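Right, one structure below, let's go through it.
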Amino acid sequence: MSDANDPIPSFVVSDRNLALELVRVTEAAALASAHWTGRGKKNDADGAAVEAMRTAFDTVAIDGTVVIGEGEMDEAPMLYIGEKVGSGGPAMDIAVDPLEGTNLCAKDMPNAITVVALAERGNFLHAPDVYMDKIIVGAGLPDGVVDLDSSIENNLRNLAKAKGKAVRDLVLCTLDRERHEELIAKAREAGARVRLLTDGDVAGAIAACLDTSQVDIYAGSGGAPEGVLAAAAIRCVNGQMQSRLLFEDNSQRERAQKMNPGKNPDRKLGLHDLAAGSVLFSATGVTSGTLLKGIHQYPNHAVTHSLVMRSKSGTVRFIEGYHNFKTKTWTPQ
Ligand code: VTB
Ligand code: MG
Ligand code: MG
């Protein structure tokens, strides 16, 4: 029995506070990259997001290590894998995609977001920059209702049954890529609708777990780092995800092996293999999409829309931020 006089455990306080600190980080990246929305310069947009996110992390009270980041230490980008960030505090691992959908931002197309996830040390898969096969559904469905190793027809049939719908009422979301031609054709043949994304499968994966998005299932291959970020979000909303790293050659496989010693790099990965323990997730919209509205610019202020979640409590917050240009610089103070 808890007592009103019991102290609140410190991890609860830090965890809760951190969730809100993280919003600042994704907001800063989104505000910075929004200067480049529609300007056709994806590298500038990405660079602005990375720099703003890196600076924003300086004020977050953690002893953080980047495990999903912008590249290897020898390339020395900001937010490289292994980089230490934060002003000191609990040991945490960090996964970032400062601008998920650089093309989407450059072309002012929907679904560009900035993304950060945090876990206690050792809880994220160390994913190399390879493709990952993913299958994702939302909460409230029987365990294993879909399976990465089943045919898409079977998965759609089982999902429809569990949802009390017909297959023709299901929407499958995937990246519009040649490598998905067969998946798309088979899903349509089975009767489902297919929503195609030009980019941005983190937003797509999360959409499969949110009723408001009208997406029932996400399937197909995208970036492995993006898979870890999606997994962190899916943990918070109690969805299901299975995945597997895809290797184009043995050197990619060896890299994955080296990053995760003692583990079979070809194994099927469950949600907890990707993101275990207590995780925090924050994303801010750059351009408006299924998940979030983008940055709204006004003469003297900008409005941000963010999604912040904690796996421990399962609380999902949509946070609207009003940023006053007169009293605030672009970097957090
Ligand atoms: C994937 C996907 C990302 O880029 O990494 C994709 O996960 C690149 O895939 O969400 P292709 O090589 O097929 O273009 C994104 O769409 C955006 O970073
Ligand atoms: Mg990126
Ligand atoms: Mg990306």
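Just so you know, the numbers here start at 1 and follow the chain as drawn.
From the backbone N, Cα and C atoms, a Cβ is placed for every residue, glycine too.
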Task: Among Y80, Y131 - the residue TrEMBL places in the same substrate site as E100, G101, T102, R177, E178, R179, D199, G200, D201, G223 - done: Y131
Task: D97, E100 bind Mn(2+) 2 per TrEMBL; candidate in E226, E248, E254 listed for that same site - done: E226
TODO: Could you list, ordered by sequence, which of these binding-site residues: D97, E100, R177, E226, have a Cβ under 6 Å from ligand 3?
DONE: D97, E100, E226
Open item on the list: Cβ within 8 Å of the Mn(2+) 2 site centroid (D97, E100, E226 excluded): which residues?
Closed with: G101, I113, V115, G200, D201, V202, G223, P225, L229
Task: Those binding-site residues, out of E100, T102, R177, R179, G223, that come within 10 angstroms of D46 (Mn(2+) 1 binding site) at the Cα - done: E100, T102
Open item on the list: According to DSSP, collapsed to three classes, what secondary structure does E70 (Mn(2+) 1 binding site) have?
Closed with: coil
Task: Neighbourhood of E226 (Mn(2+) 2 binding site), C-beta criterion under 8 angstroms, separation at least six - done: D97, E100, M132, D201, V202, A205
